[in-house]
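Worksheet: the structure to be examined is printed underneath.
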């Protein structure tokens, strides 16, 4: 097992990474749990891992109840959030009841937002079961639900008490979900660590085969990079925005196609290539770097191009992006592979040229 600590102005917390951790969850998480816990999961994850977690909490003497939600990005909304609140209130959850998010990024984001707002703040723990959530969404305290006009538009910064990433849970992931998570892994190398990017180029077949040693190394490095960035910029006033590489274009794809039609990681993959193409238009990164990024994404089974839709729709979706400031769109681009840069775009003709093959 590998452990690292996230340090933020609000508080610090551990991330546990390894195999076979879920059966040990009671003992590992006991210092971060109250006397009672609410396990919140979905219909897909519950049959796989809920029983194991319940047994682990029983062994640690932690009482608990469970709330099981529908699965999928299409349910990341007010209606499903209210199901969490219904379950908490029906089970008389108190402010010190610990909410445990058992699932992927959708569960983690919604449970975190529920924790941030239930009785004005209850503790919560992340137990991510997808690659995307283990390397990205479970760490750093971003919580949210979607709005029909934009992804993650309603939310809060609210840090968990702990994160437990059991890599064994990745063996039950569908291949498409594994690839989607790998988009975020590749993103880290592209935005801030060319050495890691090169390592990914060399080890992608082993990673996709879930070989234990390289997988542990990759998840640890991603969490380490995110922890370092979040420690410097908890509420995304500066460099934390780098972590949104590919997301401005990607969120537009998700909103246009309908949440869940393209998986988040698939949309981010296409978005990363578009961000590199935009950087080319601005005279920053090279066509060779863009091609190299696209090739690595494709090696992970990911799309390197977005679906086709009208430029006006791209602009409409991107105008709702959370990085827009003073009406000016801000994109995360690349000076070169391994070096992200925040770019303000006032000339939409540059965006049109970037997107021209997909209009």
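Along the chain as shown, the residues are counted starting at 1.
From the backbone N, Cα and C atoms, a Cβ is placed for every residue, glycine too.
Annotation source Swiss-Prot lists NAD(+) binding site at 71-76, 105-109, 129-130, 142, 151, 169-172. Here Swiss-Prot flags 184, 247, 264 as Zn(2+) binding site.
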### Task
List nothing but the one residue from 71, 184 whose Cβ has the fewest other Cβ atoms within 10 Å; the candidates are the binding-site residues.
71
### Message
Within a 10 Å radius around the Cβ, which one of these binding-site residues has the most neighbouring Cβ atoms: 130, 169, 172?
### Response
130
#### Entry: Beyond the site residues 184, 247, 264: chain residues whose C-beta lies within 8 Å of the centroid, for Zn(2+)
132, 136, 183, 187, 246, 250, 265, 267, 268, 271
### Query
How big is the Cα-to-Cα gap, in Å, between residue 184 (Zn(2+) binding site) and residue 130 (NAD(+) binding site)?
12
### Query
Could you state the CA-to-CA distance between residue 247 (Zn(2+) binding site) and residue 74 (NAD(+) binding site) to the nearest Å?
18
### Summary
Long-range Cβ list for residue 105 (NAD(+) binding site), cut-off under 8 Å, min separation 6+ in sequence, same chain only, gives 128, 130, 132, 133, 136, 137, 138, 264
### Task
With an 8 Å cut-off on Cβ-Cβ distance and a minimum sequence separation of at least 6, pull the same-chain contacts of residue 74 (NAD(+) binding site), or say none.
258, 259, 260
### Coarse DSSP state, helix versus strand versus coil, of residue 247 (Zn(2+) binding site)
helix
